[in-house]
Ligand SMILES: Nc1ncnc2c1ncn2[C@@H]1O[C@H](COP(=O)(O)OP(=O)(O)O)[C@@H](O)[C@H]1O
Ligand SMILES: O=C(OP(=O)(O)O)[C@H](O)COP(=O)(O)O
C-alpha cells in the first residue's frame, strides 16, 4: 500500500477518512481512544503543510441528521489534543463543508459532520454511493484511508473515494494490519478467539470462517444468547438474533466436526431490566427466567473462560462480556481482560467498546500485546476476507 510519505501534500487539500466513532454519554466523550489513535496521521499532514479535511462516522444515524450523533463534540476534543483549532463543518458535502474547506490555510484542520447523515455513504446501490463519493472527493485533491475500524465497510468514504482520488494508507491502518498479520500467519497455538458485544448479526457472520482457524471459540456478551436459544434454552428478554438460530446450530455442529472447542456461558447474571440498578441474580445459562435478561456472564463462566485462556498462546478478543457500562454487569468483561493480562500469550483486544472497557475499568493498556481500534474490521481480517477499505488502497 502507498504511504502518505509518497505524497507532496504542501498546500494541498487532503481528505482523511478516520474512525472517530467514540462512545458518548449525552454530549460527553467517555473514551477518546479512537481520536488519539488518529492523531499521528493528522499531525504528520499538518506538519507538512497540508490542508487537512477529516471525515468520519459516529453511530448509525441511517442516512439523515440525528443530533445525538453529531461529530461536534469530537471536533472539540480533536482540537484539544492537536493543540490547534479544528474548523467544524455543519454538513458533510453541502455549503458549510465547502466553505469550511475553502477557508483552510496550510497546516489547518477541518472536520466534516457525520458521514452517515448522508444516505449515499452506506447505500447498497453502487450508483447512489458513487454519486455521494464524487461530491465528497470534490472537497479534496488527495485521500488518506486511516479509519481502520471501518475498513470492513463497503461505504463511499472507505471504498469509493479512494478510486477517485490519488490515495494512500495512513499510519494507523498500516500499524493495525501489521499486528493482525501476526495472527493470520501461523499463530502460536492454542489460538483462542473471544467474542461478545452487541453487534450480533454482524459478528455471527465471522464465525463460519473462524472455525477453520482457531482452536477455541469463547462466546459471551450479547452474542451468547442466540447460541443458548439455538440449543433450545429460554433466554427471556436477552439480546437474540431470532433469524439466525439455524445458522448458529450449524456453527455448533461444525465446531464439533472440526474439533474446535466452542464455549458458551454456563451461568449468566439475569436482570429484571436494562438498567444500572436493575435487580439481578446469577442463574444457570440453561434456565434464564422468561421475564429476565442476561446482562453479563456469571461467576462460574468467568472461571471457565479464564481457565481456557490461561494456557492459550494467541488470543484475540472482541466484544464485552456484558453491559460493562453498568458497574454491576462489568465483572465478566473485567475477568476476561484480567485473564488476558495475566496470560503469556500474544493478546490482541479489538473494538471501540472493548478497548474503551479496558481503559474504563482502569486496567493497564500495556497488559495486552496490542489494543486495536477495530472490532468487526479485525475479525473480518482474521477470517481471511478481503476488506473493501484495504483493497481500495491497494488498487
Ligand atoms: N448481554 C448483553 N446484552 C446487551 N448488550 C450487551 C451485552 N453484552 C455486551 N453488550 C454491549 O455490547 C456493546 C459493545 O458491543 P460491540 O459494539 O459489538 O463491541 P466493540 O465496539 O468492542 O466491537 C456494549 O455497549 C455492551 O453494553
Ligand atoms: O465501532 C466500530 O466497529 P466495532 O464496534 O466493531 O469496533 C466502527 O466504527 C464501525 O462502525 P459500524 O459497525 O457501525 O460500521
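Every residue, even glycine, has its Cβ placed from backbone N, Cα and C.
Any TrEMBL annotation is an automated prediction that lacks curation.
For reference, TrEMBL has these:
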{"type": "BINDING", "residues": "19, 20, 21, 34, 57, 58, 59, 60, 116, 153", "note": "substrate binding site"}
{"type": "BINDING", "residues": "34, 116, 153", "note": "(2R)-3-phosphoglycerate binding site"}
{"type": "BINDING", "residues": "203, 294, 325, 351, 352, 353, 354", "note": "ATP binding site"}
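Shown here: features listed in TrEMBL, placed on the structure.
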residue: 34; record: (2R)-3-phosphoglycerate binding site; contacts (Cβ under 8 Å, 6+ apart): 18, 19, 20, 21, 22, 149, 352, 373
residue: 57; record: substrate binding site; contacts (Cβ under 8 Å, 6+ apart): 19, 20, 21, 114, 115, 116, 121, 150, 155, 157
residue: 59; record: substrate binding site; contacts (Cβ under 8 Å, 6+ apart): 21, 66, 68, 69, 114, 116
residue: 153; record: (2R)-3-phosphoglycerate binding site; contacts (Cβ under 8 Å, 6+ apart): 122, 159, 388, 389
residue: 203; record: ATP binding site; contacts (Cβ under 8 Å, 6+ apart): 195, 197, 223, 318, 319, 375, 376, 379
residue: 325; record: ATP binding site; contacts (Cβ under 8 Å, 6+ apart): 276
residue: 351; record: ATP binding site; contacts (Cβ under 8 Å, 6+ apart): 149, 197, 318, 319, 372, 374, 375, 376, 378
residue: 353; record: ATP binding site; contacts (Cβ under 8 Å, 6+ apart): 23, 197, 319, 320, 324, 375
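The binding-site residues under consideration are 21, 354. Their Cβ neighbour counts within 10 Å are lowest for 21. Residue 352 (ATP binding site) falls within a helical segment according to DSSP. Compared over the binding-site residues 294, 352, the count of CB atoms lying within 10 A of a residue's CB peaks at 294.
Ligand 2 lies within reach of 19, 21, 153, 351, 352 from the binding-site residues 19, 21, 153, 351, 352, 354, judged by a C-beta closer than 6 angstroms to any of its atoms. Per-site Cβ counts within 10 Å over the binding-site residues 19, 116 peak at 19. According to its DSSP assignment, residue 325 (ATP binding site) is coil. Listed binding-site residues: 21, 294, 351, 353, 354. Those with a CB atom under 6 Å from ligand 1: 294, 351, 353, 354. The Cβ centroid of 34, 116, 153 marks the (2R)-3-phosphoglycerate site; residues of that chain outside this set whose Cβ lies within 8 Å of it are 19, 20, 21, 56, 57, 58, 115, 147, 149, 150, 155, given in sequence order.
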